[in-house]
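**Student:** One structure, as C-alpha cells, below. Some questions next.
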Amino acid sequence: MLPLLRCVPRVLGSSVAGLRAAAPASPFRQLLQPAPRLCTRPFGLLSVRAGSERRPGLLRPRGPCACGCGCGSLHTDGDKAFVDFLSDEIKEERKIQKHKTLPKMSGGWELELNGTEAKLVRKVAGEKITVTFNINNSIPPTFDGEEEPSQGQKVEEQEPELTSTPNFVVEVIKNDDGKKALVLDCHYPEDEVGQEDEAESDIFSIREVSFQSTGESEWKDTNYTLNTDSLDWALYDHLMDFLADRGVDNTFADELVELSTALEHQEYITFLEDLKSFVKSQ
C-alpha cells in the first residue's frame, strides 16, 4: 500500500509543498522557476493510521516527557507514529527506486549537481553548451477525472508512475565571443509528454530566446527577450534545428526526463530521511 502513496494526489499537499527546498539562486533562477503545480505525493493518509481516531499527545503539557525517559524534550505518541510511518515509507520507496545511481546522458554531457539544480555541459566545435534545470516542482499533477479515495478506502488499481518534467535553459557560448550567450528557455508541454504515437512531434518547446552577458550574475530584464508565442514558424523551426545540431533534441529530452525523475526520487527519499531524523531527534 505504501508505494501507492506517491501516486495519489495529496490531500495535504499544500502544507508539504512548503517543506520542499527553494531553488538556489543562480542566473537561471527566473527562467527555471516553473508555474505553481499542485502537489502529487499524498501524505493525506498520514493521520489515518490503523486503530487511531485522533492525534494523541499534541495537547500534553510541555515538561518532562510523558514516556518517563526524563529527557525534558517534547516527543509525543503522534511523533512516534510519524517516525514509524516514515520508516515504512522510506523502505517502500527504496524498493521501487529504479536507479540506485543516476543514469548517464549520451552525447558526452557532463553532469554537475548543486542540490536540486543540475547542469549538463558539453563542448563541441568551439562552442560550450550548458543545459540547466531544477527538479523542484517538476512533477505535473496526475488527474484522471476519477474521485479521490476516501479515508480508509484502499486503492486497488496500479497508479501511473510519477515523472519529473522540469523547465530547462540552454545556454550557447561561442569561444570567439565568450562575453555573450544565446539563451533559450525550454519546457515540456504537458499534452506532449508521453505521446509516443507521434514520432515526428517535438516533446519539448522553446518559450523564450534572448542574449545575455556571461559575466553577469543575474540576467538583465533590459535585454530584449523574444517570446515564441507570436513567432514566425519558420524562425521557430530554425531555432529547434539549431538546438538539435548541438545535441538538444528529442533523444536528449527523453534522457533528461529519466535523469530528472531519478534525481527527484533520490532527493525525495533523502527528504524523508531528514524529516524522520528531525522528528525523532531529542
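Counting begins at 1 with the first residue displayed.
Glycine is treated like the rest: Cβ placed from N, Cα and C.
As the structure is a computational prediction, the values presented were derived from the model and not from experiment.
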**Student:** Among K91, K100, K104, can you tell me which residue Swiss-Prot lists with the annotation N6-acetyllysine?
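**Tutor:** Swiss-Prot records N6-acetyllysine at K91.
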**Student:** Write down the residue from T76, T214, T222 that Swiss-Prot flags as phosphothreonine.
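**Tutor:** In Swiss-Prot, T214 carries the phosphothreonine label; others show none in the record.
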**Student:** Could you check Swiss-Prot and say which of S138, S164, S205, S277 is marked as phosphoserine?
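**Tutor:** Of S138, S164, S205, S277, Swiss-Prot lists S205 as: phosphoserine.
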**Student:** Where does Swiss-Prot put phosphoserine, among S15, S87, S230?
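**Tutor:** Of S15, S87, S230, Swiss-Prot lists S87 as: phosphoserine.
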**Student:** Would you mind telling me which one of S14, S201, S260 Swiss-Prot calls phosphoserine?
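**Tutor:** Record lookup in Swiss-Prot returns phosphoserine for S201.
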**Student:** Using DSSP, tally how many residues of the region 'C1q binding' (76-93) sit in helix, strand and coil.
**Tutor:** 17 helix, 0 strand, 1 coil
